[in-house]
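Following: one structure in C-alpha cells, then a few remarks.
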Amino acid sequence: AESSAMKFERQHVDSGGSSSSNANYCNEMMKKREMTKDRCKPVNTFVHEPLAEVQAVCSQRNVSCKNGQTNCYQSYSSMHITECRLTSGSKFPNCSYRTSQAQKSIIVACEGKPYVPVHFDNSV
C-alpha cells in the first residue's frame, strides 16, 4: 500500500516541473498523479522545489494546522508552487482545472520516523 509520505509526494511534489508556460498544467498533472480517478479532487497544490527542501520544512517553523493539530510546519522561505482548482461546472470524469502559479510559504503536517510531510495544509 502507498504510505502517507509517498502519497504526499505523488500529490504535491513536482520538483522539476513548472506551470509557467502551460495553462493546461493542472489538467495534465491532476490526471497523471491520479487525483481524478474516482472523483475530481477540488483543490490541490504542487510544489516545484527539490524533495529534500520540501521535507526540510518539517524542521522549520512549528504552527497549528487548520484542524487544530500541532504537527504543522511553515517553510521559512517562499517556494514556487502551482495551485489547481476545479472549474465550476466541471463534472467527473471530465475534471477541468484552473492553473495558477505563486511564490508562497507552504504549511505541511509532518509525522513518522523519519519525520516527513504527510499532508499539505496551506500556503501563505
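The backbone N, Cα and C atoms fix where each Cβ goes, and this holds for glycine too.
Look at Swiss-Prot and you will find 1-24 tagged as region 'Disordered'. What Swiss-Prot records for K7, R10, K41, P42, V43, N44, T45, K66, R85 is substrate binding site. Per Swiss-Prot, the feature active site, proton acceptor maps to H12. Per Swiss-Prot, the feature disulfide bond maps to C26-C84, C40-C95, C58-C110, C65-C72. Swiss-Prot lists H119 with the feature active site, proton donor.
Rounded to the nearest whole angstrom, the C-alpha distance between C72 (disulfide bond) and C110 (disulfide bond) is 6. For C84 (disulfide bond), other Cβ atoms within 10 Å of its Cβ number 22. For C65 (disulfide bond), the Cβ neighbour count at a 10 Å cut-off comes to 16, with all displayed protein chains included. DSSP classifies C65 (disulfide bond) as coil under the three-state reduction. Taking all protein chains in view, 19 other C-beta atoms sit within 10 angstroms of the C-beta of the residue listed as 'active site, proton acceptor'.
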